């Protein structure tokens, strides 16, 4: 059995395919993610699993250099923004973009996976940009 934190085979596979600058997204239950082979739907019910638990687990196995968040999270969900910042290392760039731009980035060929959680708080979506480990 796998010893590392991520047990979901689809998430583990997506992380293992990442190269420098590739993207992986973690989304709330309401984000309109494409229904394609990159969709990893974890949502069981409202708030299960929650966004922050999935993010924390993914970060144990993924080296990141930048994150993208919706500009709207600053006012609509400041508590979630604070929780995200606690998990992100100081050397990781945080870029705020319009929520509409985030929706378009989900379709990027650089995006290797769209993880849907059961999160039901507004703008609980993040795009993780991969870094190298050397």
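Think of each number as a place in line: the chain as shown, counted from 1.
Just so it is clear, glycine is given a Cβ too, placed from its N, Cα and C backbone atoms.
Per Swiss-Prot, these features apply:
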ACT_SITE  20  active site, proton donor
BINDING   28, 99, 123, 124, 125  substrate binding site
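Sequence features, as recorded in Swiss-Prot, placed on the structure.
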{"residue": "20", "record": "active site, proton donor", "contacts (Cβ under 8 Å, 6+ apart)": "130, 131, 132"}
{"residue": "28", "record": "substrate binding site", "contacts (Cβ under 8 Å, 6+ apart)": "51, 116, 117, 119, 120, 121, 122, 123, 124, 125"}
{"residue": "99", "record": "substrate binding site", "contacts (Cβ under 8 Å, 6+ apart)": "70, 71, 72, 123, 125"}
Exercise. What count of other C-beta atoms do you get within 10 angstroms of the C-beta of residue 124 (substrate binding site), across all chains shown?
Worked result: 28
Problem set entry | Site diameter for substrate, Å, by largest Cα distance between 28, 99, 123, 124, 125 | 12
For this session: Specify the count of other C-beta atoms within 10 Å of the C-beta of residue 123 (substrate binding site).
Result: 22
For this session: Would you list the other residues of this chain near substrate - those whose C-beta lies within 8 angstroms of the C-beta centroid of 28, 99, 123, 124, 125 - in sequence order?
Result: 27, 30, 31, 70, 72, 73, 77, 102, 119, 121, 122, 126
Seminar exercise, completed: Cβ atoms other than its own within 10 Å of the Cβ of residue 125 (substrate binding site), all chains, total 28
